[in-house]
Amino acid sequence: MHAGLRCDASTDPGLCGVVAVGDHPAAAAAWAEQLGVPVLEHRPQEGSGVILLADEPPALQLLGRRAPGPVAIDFTDHQLQRRVAGSTLRRDPLARAVGLHRRPQTAVVDATAGLGHDGWVLAALGARMTWIERSPVLAALLDAALERARANAQHADTATRVRLHPGDLCHLLPELDATSREVVYIDPMYPDGSTRGAVGRPAQVLRALHADARGPDEDQLLAAALGHATRRVVVKRPQRAAPVAGPPPSRSVAGRAVRFDVYEVNG
């Protein structure tokens, strides 16, 4: 956990508290203070929402007797590393949509960083990444995961290519230097019942975490991105979903379950 990040839990109304796991009561207290939520003695068995498990690594857990397992942000995770190992500049659809196959060190803003998986893959492929995340708890978990990755010799190089900015993209994008926002990538939070890039447990946790908090609509995200990207905007969409309302994309790059709509700014 990074002591420098102070969080406002108002945009994470679904976060109910922190529960210590094993020998981590001090970590639980520190997380609770940072996030502005209570330390809970036990995991609630009923109700709705999300708790943070103070473990190594920390993880988010849905409430409820039949809730799926916890979701952690861990850039040393074997499944994520398999995805990185299988990604190349020319084969990975996101990398091609961003344009890394032509300019591997492109400066990319992942304006909706979420769990960081897409942004990590782009960084591993050579992109200079700026991550923006409006959720205080996700931003704090991303920060802690990046700190762990920087201390790991195998992943330090990738981690050093990432800068994290907690906050709202509509406010932060204008403050970024133009050289750091050649491409702006957004992965909107899709409504319940739709298929998004992160399915299953991660999507359930993110929806429960944000609960009724209202962030920018996807067309507002697109407008903000188009207003500040210097080369292009890339939007992740379900394969059969309509494009985000607004100007039509210049083209699309298809993946297995999703597609990436590309909006050329200077093209």
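The first residue you see is number 1, and the count goes up from there.
Heads up, the Cβ atoms here are built off N, Cα and C, so glycines get one too.
Look at Swiss-Prot and you will find GLU133, ARG134, ASP187 tagged as S-adenosyl-L-methionine binding site, backed by sequence analysis.
Sparsest Cβ environment among the binding-site residues ARG134, ASP187 (other Cβ atoms counted within 10 Å): ARG134.
Binding-site extent for S-adenosyl-L-methionine: residues GLU133, ARG134, ASP187, maximum pairwise Cα distance 13 Å (rounded to the nearest whole number).
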